[in-house]
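Here the structure is laid out as structure tokens; the discussion comes afterwards.
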Amino acid sequence: MAEVPDIDAAGLDAGSGELSQQVQVINELKEFTPELGHAIDERWGIADLGFDYNVVAVFGSQSTGKSTLLNRLFSTQFDVMDESARQQTTKGIWICKARGSNTLVMDVEGTDGRERGEDQDFERKSALFSLSVAEVLIVNMWEQSVGLYNGANMGLLKTVFEVNLQLFQKQNAPKTCIFFVLRDFTSRTPLEKLAGTLINDLKRIWDSLVKPAGKEDAPITDFFDFEYVGVPHKIYAPEGFDKAVSELRERFYNRRNAQYVFKPVYHKRIPVDGFPHFAASIWEQIQSNRDLDLPTQQELLAQFRCDEISKGIYERFLAEIKPLRQKLDVGKVVDELGEVTQKLTQTSLEAFDKDASRYAAAVYKAKRADFATQMYTALSVLFVQQLRNLHKTAIKMFNDSLAHSSKIKGDESEFAHKLQTSNFEAEAYFKKGAEAAVIPAAGWTYDEQLSLFTQELTEECNKQRKEAMARLAKKLETDMTEQLQEPIKNLLTKPTRMLWPDVLRTIKTVTTSITSTLRHSLEGFEVEPALVAEEIKKTKIRIWDVAMETVKSELADKHLLEKLRESFESKFRYDERGIPRFWSPSDDIDGTFAAARTKADELLTLVSEIKVPLSELDPDVVESKHIKETPIVMLSVAKQEDIRALFNREAHGQFVDAKRSTVATEARIPPWFIVMTIALGWNEILIVLFNPMLALAVVAALALSFLIWKTGMTRPLFQVARVATGEVTRQVQTGLEDRGISINNLMNNATLKRARHSLASSLSFSNGTSTAPAHGAAAEGEAIELKRRATTAARSSSISDPLAADEMHDKSK
């Protein structure tokens, strides 16, 4: 197979200067040339090809660029129109061989040219000749001519089809491909829409033909295939034009192309050397056919007057339907559109009958039918727009009705009924409006639009159903969260040995409630039982997930430590009656601490595993979560040890504080000191008693002391005083050390030692005892220093080992 040749703008093969040679097959005088056989044999050298050739012809109105199109497609050299003159270029029928292909290309004189005027005889005969001889007939026409009767040459095609049936369509005759090339294609209207309009017009013409016996009901597709292509404007869109022509040329040249035009079914099965005789016989038969003769003068007059009458009436008709068009264009639905337009059509036909019925009956009836078709074509636009507006309005009505019903009844239990009601109302509205827009005589149907509307309405129903189910799922999610979180948190706040059975009981209660609500609501959606079961299973799993998420959040480090702390303190810091403990040296701090810590440890062990029988869990949850056995681990061993270590640090701190609090209670004032104080201060006591102000101050101090003791504030005040004293001591020690004075050296200073010895001697003398030797005072100072050091060491080790610290503290005392 030859490759597609590269063709430049002049129509030459790339790399070749030879021009294609063309032959005028039929001249303007309707004479067939005897030179065709000579051209096939000698000029083009294809006489020996047999059946390996194709024939294509172009047909269309004058000055539509037929010759230009052929030159671009097949690299021929047909004469093209001079743009400045705008006059007929191709006269008669010309034929030429395509470059790079065994294709004979025929350029047919354009129709509707001013040079021939009203002489339509040659137009009909040349069109019939092209249709009968060529395998592919290219119909070259403007895009804006689609939908027109004369502009699209529909009248001419009607005559050609009818005569072609009578003369040339024998048994098993090959089909012909009619290829519509829409020039100046803008893509505003999709090519499929334009093709649909053309095929509908052709079918309407075909149905009106008088067909031979045995072919009365044969469809047009039994004899013709149709192809369509759009070509942009050659001047204003040159790149698009070249691209479209290049793609079209590929379809004529490349046999491997899926859209290759020359199919075997189109071939006339005439050898190429017999083609001249075949074409001549076809032309002779066409010339002798009286069905293609010109009409009579009476018929011409009737055609002229009927066209003139219909034109005036049609203009008034368009003016009367303009207000309807304006309403429809803004999206409004015109009530009873069919009745209104039918009256307008009937009035226009009556006006046409009044003036046109006086002329030739055959022409009058044909023109009347054409006029009615013209009005119905104009009204069909309104009809389609009415259906679109009905479509949009009905969809909006459906959504509004469903939304209004949902506001009145907020639950989703009757959703299916509301959906069905709204669907029925919208569909009934569309059908009623579409039926009211139909004109019976026009033969319109709205089946396709109804199908599209039903499809979109179904999609809208599915969308609304999904949204309603989403709302239901969101509401159930909120309900299950509210019903699960608070009870589970309460159970974990003060856990008991029945913690996990109680948690499981809560989950079962919520599951029963939520699934019951879900089942009832899904009944209102009219969904399949299998889908209901699947949704309930998903809900059960979701409830379990929410419950476990709540449990895990409560078992987070911070919350779990708080729970262990509360459990420990409830045993260690408070007694059985819930009263805070005030530790004394005789209390069993160690035993209480051990019991409290054991209680906290038991709590940690309890919450670390969900201990319930596997049979108590929902089977769907067990299957989905792949639970093989119970207990279910919530805290790993490593995690438990980490939490236990953190908790022990806090518990040990409280233990040390309890031990320290007993030190203050151990300090007792000796009885002899009380007696000595009273004896030495007797005079001062009398002064106070006989002085009202001092007596009042003493009473107030005693009352305050009693109040502090009664309210249990003694220990806190002692602790505050001890802390304050310790802080003052630390500040003094720091200040002295900053000045280079060491407390230890100061305490061992000889002067201070002598002062302490003198003080001890005085006390001994006052007590009636002899003073101790000097070395006894030194020994006492050393004992005091050792006691201080032991106390300091005990405090530093109290955090790591509170029991050892307390023992050291006792020894230091």
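Each residue, glycine too, has its Cβ placed from N, Cα and C.
Where the annotation comes from TrEMBL, it is an automatic prediction and has not been curated.
Note on the topological domain 'Cytoplasmic' (1-668): mean pLDDT across this stretch is 81. Marked as topological domain 'Cytoplasmic' by TrEMBL: 1-668 (among others).
Among the features that TrEMBL reports, domain 'GB1/RHD3-type G' is placed at 50-266.
Per TrEMBL, GTP binding site is recorded for Gly60, Ser61, Gln62, Ser63, Thr64, Gly65, Lys66, Ser67. When other Cβ atoms within 10 Å of the Cβ of Ser63 (GTP binding site) are tallied across all protein chains shown, the result is 16.
Summarising the annotation, TrEMBL assigns transmembrane segment to 685-709.
For 714-813 (among others), the entry in TrEMBL reads topological domain 'Cytoplasmic'.
Under the heading region 'Disordered', TrEMBL lists 788-813.
The binding-site residues considered are Gly60, Gly65; of these, Gly65 has the fewest other C-beta atoms within 10 angstroms of its C-beta. A sphere of 10 angstroms centred on the C-beta of Gln62 (GTP binding site) encloses 20 other C-beta atoms.
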